[in-house]
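Below: one structure, written as structure tokens.
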Amino acid sequence: MKWYDRITSIDRRIIYMLLTVLVILPFFVNVNIPQKIMPQTQRLFDFIESVPPNDKAVMISFDYSPQTMPECHPMAQALLKHCFARGIPVIGLSFDPEAPGLALDALTRVVHEFDSLAAGKDDSLIYGVNYVYLGWKSGRIAAQLDMGESISGVYPRDYFGNLIETLPLMQKVNNYKNIAIVVILASADYPIDWIRYPQTRYGVKVGAGLTAVMAPQYYPFVQTGQVSGLMSGMKGAAEYETLVLEHGYARTLGTAETGMNSQSMIHILIMAFIILGNVGYFFSRRGKRKGTHE
Amino acid sequence: MSSDPWIWIGAVLTLMIFSFLYKDNPFYKFGEHLFVGIANGYYIVYYWQNALKPNLFEPLSAGQFIYIVPLLLGLMYFTRFIPRISWVVRIPIGFTIGWGAGLSIPAYFQADILRQLEGTVVTPATFSNPANGIWAVIILIGVVCTLIYFFFSREHKGLLGSASRLGIIFIMIGFGASFGYTVMARVSLLIGRIQFLLGPWLGFID
């Protein structure tokens with residue numbers, strides 16, 4: 001077998017082994033590959049920075065499933081830290097049936113972290129005052145449109161069964177007029193509905209945190225300003241974590257930033273394999289052509 | 001190493017699924033079937049508990065008989081299984097299409113066509129920042145050339161052919177970006193699993 005045939009027929013198990021080693025290596029060896037903040041992530045961060053404290057709320061639609069946790073869960077936690085540190089009330093909800101457990105996990109972790117650092121009861125985060133989780137709702141588009149009239153009409157009770165009007169935060173938030181931005185953290189095509197329906201009808205500002213697979217589909221909406229900011233995959237999550245840390249809203253980085261070193265190593269490996277594959281293909285084609293002429 | 005049985009179940013199932021990378025085997029099959037079964041069970045219970053019960057059966061049992069209308073429309077879908085009256089299924093389908101089209105067409109026009117067209121408009125104000133101006137012109141050329149590539153009423157020759165070939169380059173760049181992002185997404189999932197195995201299960205990392 002010629003060398004070029006050999007590099008085009010590497011056993012896939014060797015490739016998987018190399019991938020696994022390169023994913024694990026950065027967790028034990030100090031590899032620091034610098035990451036540049038992308039403009040769309042910066043735009044989302046800047047938008048949240050521009051929201052005045054204790055004024056309008058940020059609505060977060062948790063719409064990702066467990067398999068995409070490595071990408072979307074760090075986004076949720078970084079965004080929640082940013083909002084809570086700036087005193088912005090947060091209203092959570094979900095349209096993906098798999099998401100409520102993950103939304104509660106992100107909220108619980110971040111609230112616990114803030115409360116453990118709080119000097120007293122006044123500094124701690126209170127459910128119903130600083131944040132609310134409304135839960136899952138069927139009939140996504142109808143619910144999104146109806147919330148433009150009245151959120152309590154769509155969600156008469158929150159996830160825990162409390163009547164909406166008994167929650168102090170929800171007494172101040174009636175509809176989208178009291179919402180600064182809706183940020184959709186999604187592993188499926190949920191943000192497009194927010195752009196097409198509530199934004200078109202009520203002018204709702206939309207931000208997004210998406211899995212990397214979906215991100216290219218939303219760049220045209222960022223360019224036109226229909227999406228006010230976008231976190232793309234694990235990289236977007238890592239960038240938001242970095243921004244939150246740099247501005248003093250968090251004490252440590254999250255899991256996305258540590259995962260990005262593995263991500264960069266794998267990208268280098270994949271690029272090397274793409275080049276090797278193409279070189280092998282080029283030479284094997286030339287070899288075959290020569291063989292035909294001879 | 002974790003002493004939590006749930007972490008162990010998660011770790012063992014992860015390894016079962018990963019075993020497919022070597023070759024298909026009964027452990028992988030077990031993990032796959034278990035996942036499909038649990039996912040189906042979860043969705044059935046979830047929709048019953050959170051959609052059908054509160055939105056249909058509870059209002060009906062409270063005497064709100066207007067809910068008979070959506071119940072009947074829903075039941076009509078099942079007439080597909082009875083050939084003699086299968087035509088009835090057209091009623092709920094017609095209702096769904098009518099509602100969907102009425103709601104979607106104006107929204108699609110506004111969000112996907114008009115606003116996207118606006119995004120390609122180049123005005124003198126676009127050049128207030130020269131870099132933005134250059135990108136705006138590239139976007140305009142990209143949109144026009146890509147549309148020409150999908151214009152089949154005339155043979156792609158001469159100027160039309162050149163523009164069409166440029167359109168292909170833009171499409172290929174789009175595919176390349178999508179492929180790159182897909183690789184990044186899939187690798188992220190692997191990193192997530194490895195973080196779970198090394199962290200909560202084995203305790204090697206925080």
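Even glycines carry a Cβ here, placed using N, Cα and C.
Look at TrEMBL and you will find B:6-23 (among others) tagged as transmembrane segment.
Marked as transmembrane segment by TrEMBL: B:30-48 (among others).
Summarising the annotation, TrEMBL assigns transmembrane segment to B:60-79 (among others). With a cut-off of 8 Å between Cβ atoms, the residues of this chain six or more beyond the transmembrane segment (B:60-79) that come close are 85-89, 91-92, 95.
The transmembrane segment annotation in TrEMBL covers B:91-111 (among others).
As annotated by TrEMBL, transmembrane segment applies to B:131-152 (among others).
Summarising the annotation, TrEMBL assigns transmembrane segment to B:159-181 (among others).
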If we skip the immediate neighbours and take only residues 6+ beyond the ends of the transmembrane segment (B:131-152), which ones have a Cβ under 8 Å from one of its Cβ atoms?
119-120, 122, 160, 163-164, 166-168, 170-171
Chain residues outside the transmembrane segment (B:6-23) and at least six past its termini with a C-beta under 8 angstroms from it:
30-32, 34-35, 193, 196-197, 200-201
What else in the chain is close to the transmembrane segment (B:91-111), if you only count residues 6 or more beyond its ends and a Cβ gap under 8 Å?
73-74, 76-77
